[in-house]
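The following features are taken from TrEMBL:
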TRANSMEM  B:12-30  transmembrane segment
DOMAIN    B:96-388  domain 'ABC transmembrane type-1'
TRANSMEM  B:96-120  transmembrane segment
TRANSMEM  B:132-159  transmembrane segment
TRANSMEM  B:186-206  transmembrane segment
TRANSMEM  B:218-238  transmembrane segment
TRANSMEM  B:258-280  transmembrane segment
TRANSMEM  B:320-341  transmembrane segment
TRANSMEM  B:361-391  transmembrane segment
Amino acid sequence: MRKILFLGLLVLAGAALAQPKVFKGTEIGRPGGAYRITSISDPRTWNPFVARETSSTDIISLFLPYLTSYDPYTQAPEGRLAKSWEIRNNGLTVIFRLREGARWSDGRPITADDVIFSATVHADQRVNSNARSSFILDGQPIRWTKVDQYTVRADFPKPYAPALIQGWYIVPQHIFEPAYRAGVQQLQALWNLDTPPAQIVSGGPFRIDSYVKGERVVLVRNPNYWGVDERNNPVAYLERYTVQIVPDLNAQLARFLAGDSDVFAAANADQVAQVLERIRAGRLRAEIFPNVDVTLGTNFIVFNWNHKDPFKENLFRQVKFRRAMAHLMDKKSMIEVALGGLGQPQWSPISIPNKAFFTDDVAKYEFNPQRAQQLLAELGFRTKNRDGWLVNAQGRVLEFNLTTNQGNNVRERIAQIFRDEARKIGVKVEYRPIDFNELVRQLTSPAADGTREFDAILIGLTGGIEPAFSRNVWELDGSLHMWNLGVGGKRPAKVESFEVLIDTLMKRGATTLDQAQRRQIYVQFQKVVAENLPIIYTVAPAYNPARLTRLGGMFPKEQINSITGQAPYIETVFAKE
Amino acid sequence: MFGYVVRRLLQLVPTFFGATLLAFLVIQLAPGDFVTRLELDPTQDRESIANLRQQLGLDQPLPVQYAKWLSGIFQGYLGLSLSYKTDVWSVIGQRILNSMVLVVLATLMIYLIAIPIGVYSAIHKYTWPDRIFTVLAFLGLAIPNFFFGLIMLFLAVWLNDLTDMRILPIGGMTNEFLHLGNMTRAAQWLFPFALGGTLIYAALFWSRSRRGQTPTFGVWLGLVLFGVSSLLMLAPLLQGPGLPERLPYTESPLWARITNVLWHAFPVVIVVGTSGLAGLMRVMRGQMLDVLSQDYIRTARAKGLSERVVVYKHALRNAVIPFIAGIGGLLPGLIGGAGLVEVTMAWPGITPALLEAISAIDVYVIMGLITITTVLLMVGNVISDLLLAWVDPRIRYS
């Protein structure tokens, strides 16, 4: 009886859905089955206005809709809840049309009111949503207004290239508005982890079924979802989506080896070997793709151009010095030792997987200690003192401290390899790992006179697909312009000409709408950075995904990439058995 | 005695303030705060970072923050978790209970095994069994728990491969689905043995008491173990056949959930228990040797008492005094969790939550845990002192 009712509901939902989104999977799948993954930590909340970490947003993205996203095949913008869009006013206005007939899991329609309400709350300064930066462009607000029940309009203060990427979560207004009216605190208390799952309304492919703290989150298919496959069958195919919380990477590996989780990303060569061995022994029906791509994360060394010691400040500002340091990076050893043989050298700020903008045609200062020595000699460091350290004519030893955050094994090893090579030619590098928060403080908090205390820091940033979202790093007044940081949101006191060029390129890149022109701009940006090395990139860790063969709808090896992952959409993944 | 208790309880007040203030300061001394890690996110601008600090009250002076927190404590409110945006108790409550499962079982295992082995080793010192126990004890002390936990995981994978069955769990505390059918069949198969064991031990118990002898420790243990097992199996025997083969954990009956948790706890308890076991075994052996060399033991032997009576009535009772006094000290340990094993074996206890809170500098979660631990430690100490006075007639508080 329950089954018949359920099927009836499905038919009703299908009939009501006038404009479904067609999810083009790699193959037509069959409904049913479960998908199990592991996560390193618990979600913190189900409330998209509170969520700040991927352990929460990875789950929220399964049950809350958003307007647009990237096409997993072309990485161009693609409509999700937005069926189509229209660009007007030379790009200053974008009109999004929503899918008519889309419904929340409680049966209410998803309309422009939900979208506008969500935009208002995300943009509210008091709420401090993590998505707030999507509503401000250079200090001016992006205005969202309702046109009719299924049309919304966004007005930008200036043309904005990523205007079509609107990935903030849309919430049901009928649930969030009363709380929002009552105050920000009530809003933030909504949909916390103690909220009964039945009260959490879904507008995405799944809805929360149960959550056991520290153990697992179970999501089940949302029959009201507005997606279909190419044959007009409703998706998601999967009936059940389980996130098991396993706080240790080795324990996650054990789960995968035991066949208890469906996908896994091996962190190093050792884990790859364990998976391979088990597949060969016939104990695990799985596939692994070692080194199929690199991750978006970066690791780089940055020198402090606001040093209180004028000698060091001057030294770090010399491009010859930075090139010499780049020549001291034995990236081959770094890949061998720090990354276990799986990874690629990185030369420029855009991550290798970001095919739309990445270029390999940049200046590469490859490992070459003789060349480094020569460059340092040109800077005046010609002789060595009694202890074997390079000194200049005034007798100043060429020395600096290098720090990285404690506990990050990859960075610690990269730093050690760099130090050892530098010491071989007489550069006195003292390496010392410190606490992450202290590292961030040294990097981002200049003293009142604008000076900072560190010499060099090895750190990383998580890259993204959209270069404009890293403007805080590259624009002169950015809060993460970390080699040469201004005080109080202003430009740094002394800037080099190439920094101004980078600033201009970033600003142009963010406001140019033509895709080919944008690529040109960002290619030039990568060339300027690679040549002047305000940030010296090291190596990027490999992406080594593995999965059980029971899964269908996954990418073949050539299409796997670290941005999209192993499957184009979760909606079209299915269980073969 | 009453005056002593009141005095001790009054002393708790300044201790409490001192301990929490110190903890609060130490947390604040660490560089950075909850918002620091967001500063490295390129999509966050200065304004939202500053806003967030202000909203969370992290920009206020330390005395104000401490006073606010303290006033909450007096109303029984542990504060608001910065990352979960709910009150601290709902973040740590369930996890403390989860950890307690491990800690209680491990403590029981430690005491039940360590004391008999310690006594045995003392009586038969420098024999081969004593030497083997000593070697095992040093091994147990030397292997770090988290590492042993990882070994246990791989042992589980290996054992499951070897038998092609799920003998041991691969970490975690529960399964998503419970195989009620398997449990019922296992209960049907094991129940006759459990019932038989219970009957045999009950008969032994009865025959001893009819002869006017007190039942030995072994008889008690056998009766309790077999008796409890048969009682536990009654539920699946009665209810099991009518249930479906497989149900999600959340919809399963209580007995099935308990069985599942115990099955998952089994390898973890072994890991957690070994180091404690090894230590306690050595201490017990030393205590026992100490007592056995006392004059009154020689006197007892001289007046012709049987060795059993000498060992168990005269020596053992004095040798276990330090352990009884230590019971109060177990109280804070109950909520302190089982340590890194919980991380490596994915047990949803308090340790992973605490580590996350520390790395995120979620001040009030850390403070909440410290507060509870402090209170329990203080209460535990009082209990220990009172117990000591009770078991050891030489100690008087007045």
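Even glycines carry a Cβ here, placed using N, Cα and C.
Curation does not apply to TrEMBL; its annotations are automatic.
Between the transmembrane segment (B:132-159) and the stretches B:12-30, B:96-120, B:258-280, B:320-341, B:361-391, Cβ pairs under 8 Å are most numerous for B:258-280.
The highest tally of CB pairs under 8 A with the transmembrane segment (B:96-120), across B:12-30, B:320-341, B:361-391, is held by B:320-341. Beyond its flanks by at least six residues, the transmembrane segment (B:320-341) meets 95-96, 99-100, 102-104, 106-107, 111, 115, 145-146, 148-149, 268, 271-272, 280, 283-284, 287, 347, 349-351, 354, 369, 372-374, 376-377, 379-385, 387-388, 391-392 of its own chain at Cβ-Cβ distances under 8 Å. Sequence-distant contacts of the transmembrane segment (B:186-206) (same chain, six or more residues past either end, CB-CB distance under 8 Å): 215, 219-220, 222-223, 225-227, 229-230, 233, 236-237, 240.
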